[in-house]
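Have a look at the structure below before the remarks.
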């Protein structure tokens with residue numbers, strides 16, 4: 001099966017179409033990858049063990065086993081309502097931002113961008129998604145960790161969590177971690193789209209028909225997702241710790257988190273949770289681009305000139 005149109009098309013980018021197809025792809029991403037995201041967050045935010053004590057989780061599979069034992073399989077899906085509710089607009093804004101970033105740099109209708117320009121367009125997309133991403137991530141992290149750390153259940157779902165955050169600290173509390181989210185997404189989004197487009201170019205050059213197969217699109221999306229996390233993981237660890245910490249823990253924001261983590265845990269702590277996120281990255285992002293592929297095919301049938 002071949003794709004008649006995908007994200008890497010050389011035709012003048014269409015932000016509106018990218019908004020719609022990206023939203024559907026984002027839903028596919030969350031549904032396929034949330035359990036491993038929960039494990040990642042719990043590993044990143046687990047309390048430091050006292051001298052002589054064992055850590056709360058010994059690794060990815062231990063975290064999964066304890067979560068299922070203590071909370072059932074549903075425990076792996078804690079906090080999914082926040083990203084699932086916000087993921088359509090988040091991915092929609094991300095892919096629309098990418099299309100707009102490309103469009104602003106394209107000099108002609110069929111002009112092909114250079115790889116540095118693709119990186120810039122991808123980074124530009126991070127500006128669009130952060131406004132929605134940051135509060136959604138803040139709520140998701142709190143819901144994912146409130147049981148994992150053995151404390152009393154403070155939040156009864158997404159709406160309750162958002163309401164309590166606003167009551168306690170206003171919009172500043174709801175948007176806590178926005179700078180850390182942007183620090184992660186601007187460079188990581190740039191690499192994400194750069195890797196995707198480069199792999200699509202390779203697939204197209206090897207295709208006898210000049211068309212790109214669905215399998216190639218899925219593979220490129222999966223690898224791009226892994227590249228995103230290789231670059232974005234350190235900022236994501238800092239973001240998760242900042243967003244899950246009680247108010248006043250880190251007085252200088254992400255700088256305080258970075259200093260505390262490096263001094264007490266060492267630089268390798270910046271990649272804590274890398275195993276579940278890498279296990280998640282390929283299938284989740286492959287599912288995302290497969291969803292985009294299906295959405296594009298739908299539009300090609302019902303609105304071929306869109």
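The backbone N, Cα and C atoms fix where each Cβ goes, and this holds for glycine too.
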Would you please say which range out of 155-175, 197-217, 218-238 has the annotation transmembrane segment in Swiss-Prot? 218-238
For the transmembrane segment entry in Swiss-Prot, name the matching range from 177-196, 257-276. 177-196
Which residues of the chain, 6 or more past the ends of the transmembrane segment (113-133), have a CB below 8 A from one of its CBs? 86, 89-91, 93-98, 100-102, 104-106, 178, 181-182, 185-194, 197-198
For the transmembrane segment (286-306), out of 19-39, 80-100, 177-196, 218-238, most C-beta pairs under 8 A are with 19-39
Please list, for the repeat 'Solcar 1' (13-104), how many residues fall into helix, strand and coil according to DSSP. 72 helix, 0 strand, 20 coil
Quick check on the repeat 'Solcar 3' (212-298): DSSP residue counts for helix, strand, coil, in that order please. 73 helix, 2 strand, 12 coil
Can you tell me which parts of the same chain pack against the transmembrane segment (80-100), counting only residues 6+ beyond its ends and a CB-CB cutoff under 8 A? 7, 13-27, 29-31, 34, 37, 121-122, 124-129, 131-133, 135-137, 139-140, 143, 157-158, 161, 189, 193, 288, 292
